[in-house]
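A short write-up of the structure that comes next.
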Amino acid sequence: MSTRKQIFLCAINNILSGTCKEDCKFCTQSVRYHADIERYSYKKIGQIVEEARQAKANGALGYCLVTAGKGLDDKKVDFVARAAQAVKAEVEGLNLIACNGTASLEQLIYLKEHGIDSYNHNLETSERYYPEICLTHGWQERYETCENVKSSGLALCSGGIFGMGESMKDREDLLSAIASLQPESTPLNFYHPNPALPIKTRNIGFEEALNIIRRAHTLLGEDRLLMVAGGRELLFNGKEDEMFKAGANSIVIGDYLTTSGSAPKMDQLMLEKLGYEVATSCDSH
């Protein structure tokens, strides 16, 4: 049996893009800022299944179905459930994650009954700083959705974004709030500036990002997935080994919601060169 550290790979599928009416200052999917991104209504379920099959072939264990918008409604929950059922029927071995905004306990139970394994809802930043990045909904609403996920029996995936102008205390408060939820997995995102967005610059560098990974690892524990997600290529390109040594054990492969990521083959070569194994089963964690 290999003793090499295993890295868990996750792929994201933006199945409804660029239609959100909220005012989150970090998000190109908001219609308020007119960012130059691809915007479209629901993808065909057959396309979602085919993209899931490709993600699995690229080594992904996690496959996240993401929709733009504040939260779930009847139409959205039905579509995500049907997409999940189709993926589960056609592609074996994927941990299906839904990321669809605020959600009630009843909606989350419905998704679980139709094949979703985990629900992603990020706290984004500290409760204190949240009004600086969003006014159309509150931080507490996000926290309550995470509590609903726990109550539903779904695994919780919850993290945040760093580098949006927040203070060091805000970062510590965010990580403490995430830890209080005891999520099974936590994505750490690092802000990717876009000229259309109100937040123009990123106030975080490589060493600070490493410290966030170390602190998250300490607070969350060894038995949780700690994923470096958005912004990885901006801060850790060529320095991925330090990221993993700091405690990260998961990355997103392929593209993000509206920005390009590394080609999956490049990530696989990087992991092989550094001496890590791609995890082949969620049971191994």
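Glycine is treated like the rest: Cβ placed from N, Cα and C.
Non-local neighbourhood of Cys27 ([4Fe-4S] cluster binding site): Cys20, Leu197, each in the same chain, at least six residues away, with C-beta under 8 Å from its C-beta. Per Swiss-Prot, [4Fe-4S] cluster binding site is recorded for Cys20, Cys24, Cys27, and the stated evidence type is sequence analysis.
Long-range C-beta contacts of Cys64 ([2Fe-2S] cluster binding site), restricted to its own chain and to partners at least six residues apart, with a cutoff below 8 Å, comprise Cys10, Ala11, Ile12, Asn13, Ile97, Ala98, Cys99, Asn120. The [2Fe-2S] cluster binding site annotation in Swiss-Prot covers Cys64, Cys99, Cys157, and the record cites sequence analysis as its basis.
Taken from Swiss-Prot, the feature domain 'Radical SAM core' applies to 2-223, supported by sequence analysis.
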Cys24 ([4Fe-4S] cluster binding site): tally of other CB atoms within 10 A of its CB: 24
For Cys99 ([2Fe-2S] cluster binding site), the number of other Cβ atoms found within 10 Å of its own Cβ: 21
Sparsest-packed of the listed binding-site residues (Cys20, Cys157) - C-beta count within 10 angstroms: Cys20
Reduced DSSP assignment, Cys24 ([4Fe-4S] cluster binding site): coil
